[in-house]
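> According to TrEMBL, the protein has these features:
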type	residues	note
TRANSMEM	19-36	transmembrane segment
TRANSMEM	56-76	transmembrane segment
TRANSMEM	88-109	transmembrane segment
TRANSMEM	130-154	transmembrane segment
TRANSMEM	160-180	transmembrane segment
TRANSMEM	187-208	transmembrane segment
TRANSMEM	281-308	transmembrane segment
TRANSMEM	387-407	transmembrane segment
TRANSMEM	419-441	transmembrane segment
TRANSMEM	519-543	transmembrane segment
Amino acid sequence: MSDIDRIIAELQRFTWPDYVVFVAMFILCIFIGIYFGFMKKSLNEADYLMGGRNMLILPIALSLVASFISGITLLGLPTEVYSFGIQYTYVGIGVIAMGFVMGIFYLPVFHDLNITSTYEYLESRFDRRLRMFGSVMFAIMNIGYLPIVIYVPALAFNQVTGVAVHTITPIVCVICVFYTSLGGLKAVVWTDVVQIISMLGALILVAIKGTFDIGGFKEVFTSAWQSTRIEAPDLSIDPTIRHTLWSQLIGGVIYWTQTNAVSQNMIQRYLSLPSLSSARWALAIFCLGVLILMALCAYNGLLIYATYKGCDPLTTKLAKAKDQLLPLFVMNTLGEYPGLTGLFIAGVFSAALSSLSTCLNSMSAVVLEDFVKPFVSTPLSAKAINWIMRSVVVGVGALCVSLVYVVEHMGTVLQLTMSLEAITNGPLFGIFTIGLLMPWINGNSALTGGIFGVMAMSWISLNAQWAIASGAIKYETKPLTVEHCNYEYDEALLLGSTHNFTNSPAGKEDIFPLYRVSYMWYTALGALITILMSVVCGCVFGSNDPRKVDPTLLAPSIRKFFSYTENKFNAKSNFTQQTKK
């Protein structure tokens, strides 16, 4: 047995108290699902999808944080800071800006319309084609995103227990599908509350114990400063630099606004609150919660570097995958204390379960409202609606487990996720922005712009990911060394490693420039392409008379610029009539 295998075997001390803590979290989630599933004899559609639209602010806000901070962030962000420094964390400025942009322009419109699926808006503002386009893009994005959500915590579990990734992922998915299909949105929200507490507790525990072991905060920040991991924002305007202040602010606010303001996964929770005021309070708490959790993840990244600065475990393959770095650190830090490693792994799985349950519940809403109801001639019975909603949860869950086999070969998850999401998210954000802010653009132009945007972003994103995976594009890491390792490793691993102490080129000159654009710009680029193409198509397809567009479909700050004396429409009544049909 090599030194590496021996050390990993010694660190895998997942004892029965750890399993007790880990399993207890799953049992609690199951009971929450059973409680909300049987509290009423039968959940109707409004209860199942929207929580009766009378949910409380704090649980919804915590659920939003839990859903957004998935295992991808929990494990990916510390690795990002360890490898590249804190430049990514300046995206927090974009998060704050997103809160204002969403609260002023997007949230008032969706909340006032009293809709269930976000894409119902597109039909009222444009036509049914746009609604279907949005729904299909959402479904494709979710099916591509969910396997990553499941895979990441399975990596952590594999690192601390040795249990195979493909053994634990079906178990986790079955549990999540069970309580989501049984209890609907209320079960999702209240399990999220339990899971965010578990997540936060795990991060704080690791931070406190790790800081104590390393000798205090001074040692952590001194090591980070000397290695330039703590640095001022990069003010360069070069879009090919991975993280700059401008990519984090401009690209970040567009990415976060799209994800939070127009995605069904998030907006469904805002719409479950009884008033716009309560939704804005939930938004403010969400922003604060995300910033706190991101700060904790970033600090743990600096802490990991201070611990391993003399011997990089990614280069020596002590951590076999990049996103196993934090679990390795936890094993070193908490492994000797029974139950604490289990608490951390429970926190990581909590992050995954919250994101997974949210996406499954949102998929059931979109399939029912956008793919079924518009195409049936008679109203569906309550039994048929319940069957459809639960079947979607089960079907999508099973599909995502099978796609884990694909995800495990696709590299670092944080950048990968944001890059692939942009294929659909950028164009969708562009279409929603057109609808809210540009009343003269009609459905033909918006649809053409959206299709063009998806094609362009598919070309850019997939080629860029291929260039990264093949090694044609590499990124320079912060200083890392293996000069002070106290164990033997295969020195051949140093050759070609992207996490060694040599500087890797930021990109080859023969790579097409668009492929080298930072992934932080992808959503903004997709939205911009969609909007510009829609404007150009307006010359071909003509334009709307802005005075005839229902003002309730436009952002409040835009309505005042147009006269609506000729307007004869009412969005709320339109939605009611469409539902009856």
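Glycine too: its Cβ is placed from the backbone N, Cα and C atoms.
Any TrEMBL annotation is an automated prediction that lacks curation.
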> Given a Cβ distance threshold of under 8 angstroms, which distant residues of the chain, six or more beyond its ends, lie next to the transmembrane segment (19-36)?
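Contacts of the transmembrane segment (19-36) (Cβ under 8 Å, skipping residues fewer than 6 from its ends): 43, 175-176, 178-180, 182-184, 186-187, 190-191, 194-195, 198, 339, 342-343, 345-346, 349-350, 353.
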> Within the same chain, where does the transmembrane segment (88-109) have neighbours whose Cβ lies under 8 angstroms from its own Cβ atoms, ignoring anything closer than 6 residues to its ends? I mean 6 or more beyond.
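Apart from its flanks, the transmembrane segment (88-109) reaches 77, 80-81, 121, 233, 243, 245, 248-253, 255-257, 260-262, 270, 276, 279-280, 283-284, 286-287, 290-291, 294-295, 298, 432, 436-437, 520, 552-557.
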> When each of 130-154, 187-208, 419-441, 519-543 is checked against the transmembrane segment (56-76) for Cβ pairs under 8 Å, which one has the most?
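Answer, by Cβ pair count: 187-208.
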> Please determine whether the transmembrane segment (130-154) and the transmembrane segment (387-407) are in contact (criterion: at least three Cβ-Cβ distances under 8 Å, sequence separation 6 or more).
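Since 3 or more Cβ pairs under 8 Å link them, the transmembrane segment (130-154) and the transmembrane segment (387-407) do come into contact.
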> I'm a bit unsure how to read this: which one of 160-180, 281-308, 387-407, 419-441, 519-543 has the highest number of Cβ pairs shorter than 8 Å with the transmembrane segment (187-208)?
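Between the stretches 160-180, 281-308, 387-407, 419-441, 519-543, 281-308 has the largest tally.
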> Would you kindly check 160-180, 281-308, 419-441, 519-543 and say which stretch has the most C-beta pairs under 8 angstroms to the transmembrane segment (387-407)?
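Highest pair count goes to 160-180.
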> Determine which residues of the chain contact the transmembrane segment (419-441) at the Cβ level, with the cut-off under 8 Å and only residues 6 or more beyond its ends counted.
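For the transmembrane segment (419-441), the sequence-distant neighbours (Cβ-Cβ under 8 Å, at least 6 residues beyond its ends) are 105-106, 109, 121-122, 125-126, 130, 133-134, 137-138, 140-141, 144-145, 254-255, 257-259, 261-263, 449-451, 453-454, 457-458, 461-462, 464-465, 519, 522-531, 534-535, 538, 543-546, 549, 553-555, 558, 562.
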